[in-house]
Amino acid sequence: MDWKTLESLLSGVNKYSTGFGRIWLSLVFVFRVMVFVVAAERVWSDDTKEFDCDTKRPGCPNACYNYFFPIIHTRLWALQLIFVTCPSFLVVMHVWYREDRERKYRLTYGEGAKLYDNPGQKHGGLWWTYLFSLFFKTAIEIGFLYLLHLIYNNFDMPRSVVCDIEPCRQVTCYIARPTEKRVFTYFMVGASAICIILNVCEIFYLIAMRIFTNRICAHLRLNNSKMNIKCLFIPAVQRTPSATLHSHVERSGPPQRYYFERCTSLKYY
């Protein structure tokens with residue numbers, strides 16, 4: 001697999017991410033993808049050939065290997081890395097959708113017209129898309145960890161296994177480089193656990209900032225007479241996300257669906 005292509009596609013996610021998201025992306029590529037590509041794949045490269053058993057009965061080593069290793073670690077990790085990075089593309093595609101709407105709007109109403117102050121600003125639908133991607137990534141990480149724990153008891157890698165299936169009966173088979181594989185397994189599991197913690201922290205951060213912003217807006221609405229702030233119902237295409245705390249400019253434009261504009265500047269959000 002060409003991991004460089006995946007890295008180039010996800011590099012654009014950085015500018016739409018929070019601090020937690022940037023740390024998560026760095027951790028994924030430095031401590032997971034690089035370790036997987038540079039070292040882990042080589043450790044499991046000749047795993048089938050080096051799986052020795054006490055008997056030379058035809059088909060016995062393959063049957064025992066398939067029984068104890070239904071899916072090899074590296075392939076499971078490759079699937080995990082692909083699935084866990086896919087939700088980030090939802091955010092990028094949502095931004096592309098906004099940019100396309102912005103382009104069409106300018107073609108219709110002139111170059112000076114603006115539909116969004118910043119298409120990558122996490123508010124409205126993009127905020128929900130970003131939050132959904134975090135829940136999706138966390139669920140995928142937990143699911144793959146549980147699957148790895150289910151297949152390989154407690155993420156362990158024993159030195160030998162006793163095979164008792166056809167065509168083998170009470171045959172001892174020996175795993176190549178068990179300590180090295182155990183170290184890489186614990187490392188990848190630990191990196192995955194840290195990514196889960198970062199995702200949870202980012203979820204709480206986004207929700208906390210959303211609550212904080214809504215409270216500020218509610219407080220300003222209560223005191224709008226003193227601070228000279230007007231919260232208006234205005235068309236979506238006329239919203240001014242960069243409005244300051246003390247003013248709100250109402251613009252004319254084509255009729256659109258109406259939204260309630262926040263009183264506060266989106267720099268708090």
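Cβ atoms here come from the backbone N, Cα and C positions, even for glycine.
Heads up, TrEMBL stuff is auto-annotated, nobody curated it.
Copied from TrEMBL, the annotated features are:
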- 21-40: transmembrane segment (TRANSMEM)
- 42-75: domain 'Connexin N-terminal' (DOMAIN)
- 77-97: transmembrane segment (TRANSMEM)
- 127-152: transmembrane segment (TRANSMEM)
- 140-206: domain 'Connexin cysteine-rich' (DOMAIN)
- 184-207: transmembrane segment (TRANSMEM)
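DSSP assignment over the domain 'Connexin cysteine-rich' (140-206) gives 44 helix, 8 strand, 15 coil. With a cut-off of 8 Å between Cβ atoms, the residues of this chain six or more beyond the domain 'Connexin N-terminal' (42-75) that come close are 36, 148, 151-152, 161, 163, 165-168, 171-177, 180-181, 184-185, 188. The average pLDDT for the domain 'Connexin N-terminal' (42-75) in the predicted structure is 84.
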